[in-house]
Amino acid sequence: MSEFNFISRLHNRGLISHITNEDNLSKLIENKSISLYCGFDPTEESLHIGHLLPLIMLKRFQIAGHRPIILIGGATSLIGDPSFKEKERVFNSNYNVNIWTEKITKQISCFLDFNCGKNSAVLLNNNTWFKQINILSFLRDVGKYFSVNTMINRAAVKQRITRPDQGISFTEFSYNLLQAYDFFILNQQYQVDLQIGGADQWGNISSGMHLIHRKTKRVVYGLTVPLLIQSNGIKFGKTESGTVWLDSNKTSPYKFYQFWMNIEDANVYYFLKLFTFIKVSEINKLEKNKNIKNQIINDKSLLAKHITQLVHGKEKLLAAERITKFLFLKNTTHIEESDLQQLKQDGIPFIEVSNVKDLQEALVLTSLAQSRTQAKNMIISNSISINTEKIRKNHIFHEKDKLFGKFTLLSRGKKQHSLLCW
């Protein structure tokens, strides 16, 4: 296989976890434009950064001349995928799923081009076909092609079946067949030859390939991207403060940007290959220089810039950079009111105040100090700043301390901050 073909380039970036019939798939996509799909169940009002790799993979295929199809699981989200889940999901209402579908559709739309000719992206909802099939038809036309023995032994559900305190309901157990039917319908109606997803979706993807082959004798393909786990064993995208969402109302662009700035050093160059479109040769050059002073920090910044702009756009990237300079480089020149609103949203701790008299009181209220005595000592020792300016004695707040008439930034040293909101 040529090292320059598309699949080889994906391997070179570390983007493939599983792939079926690799040689044939590689030949197929080198010789013609194919249709591929990835499904997203609206089980929350926003996608999170765990969804980024499949979305970016769809974008890579589209850039290479193929047609990406986004399948929103309006039907399957009412059931819930049990794959590698420790306990049964709580059922979502039709009302919530419909609202979440609208929000997630808007999020996904910014990743792909829906107006570029033959390989324009397509967005579908599997509720379209599931509302048209009855249970008897489904069992006869789909269920008969699956062995319960095989389904029970799939790794994705086996851990639940072997746990007497949990088990798995027939409802969740049937999810595998529903997703397989999605692949079958998309192959029949949209000529989809490839399904992609996270590594935890391998069992569901395999079932779809199995169903299509049994019913039509056609050969289709599956490909999964790596499931990223942090060194602490927690899934990538989870932090001490919760999930990192793609919706700017749930995770601000500043906090999103800072997430990437704070990844482990060992992952920087791997993530540049996974999440950006920078050439691998250029990333390798950066990695060779990683021991140069500040090089890794600069390369984290490069990663954060690329992904924040991809997800949130140029303007919100610039806002995240302004806030970063404001907090860490004491640059207040270009800070905007909306930037401080982002900080209040989830960037740093804040308190609402109206009649705080002096700095010592404010430091105690914000928990930057445990007592007025400690606050006094910190001020004397030159540890406290107001709006990035060092304060050397107790301070009575004035209107000039209120940025945009609303905000005052208190800092203890370089890393502890709190926002007074007047």
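Any Cβ shown, glycine's included, is placed from N, Cα and C.
Taken from Swiss-Prot, the feature L-tyrosine binding site covers Tyr37, Tyr175, Gln179, and the record attributes it to sequence analysis. Here Swiss-Prot flags 42-51 as motif ''HIGH' region'. Here Swiss-Prot flags 235-239 as motif ''KMSKS' region'. What Swiss-Prot lists as ATP binding site is Lys238. Feature annotation from Swiss-Prot assigns domain 'S4 RNA-binding' to 357-414; the stated evidence is sequence analysis.
For the binding site of L-tyrosine, formed by Tyr37, Tyr175, Gln179 according to the record, the largest Cα to Cα distance is 18 Å, rounded to a whole number. Long-range Cβ proximity for Tyr175 (L-tyrosine binding site), meaning a same-chain Cβ under 8 A and a gap of 6 or more residues, is found for Thr76, Ile79, Gly80, Asp81, Pro82, Ser83, Asn204. The Cβ of Gln179 (L-tyrosine binding site) lies under 8 Å from the Cβ of Gly39, Thr76, Asp81, Asn204, Ile205, Ser207, Gly208, each of which sits 6+ residues away along the same chain. In sequence order, Pro68, Ile69, Ile70, Leu71, Phe183, Leu186, Tyr190, Val192, Leu194, Gln195, Ile196 make up the list of same-chain residues 6 or more apart from Tyr37 (L-tyrosine binding site) whose Cβ falls under 8 Å from its Cβ. Per DSSP, the secondary structure of the domain 'S4 RNA-binding' (357-414) breaks down as 19 helix, 14 strand, 25 coil.
The average pLDDT computed for the motif ''KMSKS' region' (235-239) is 73.
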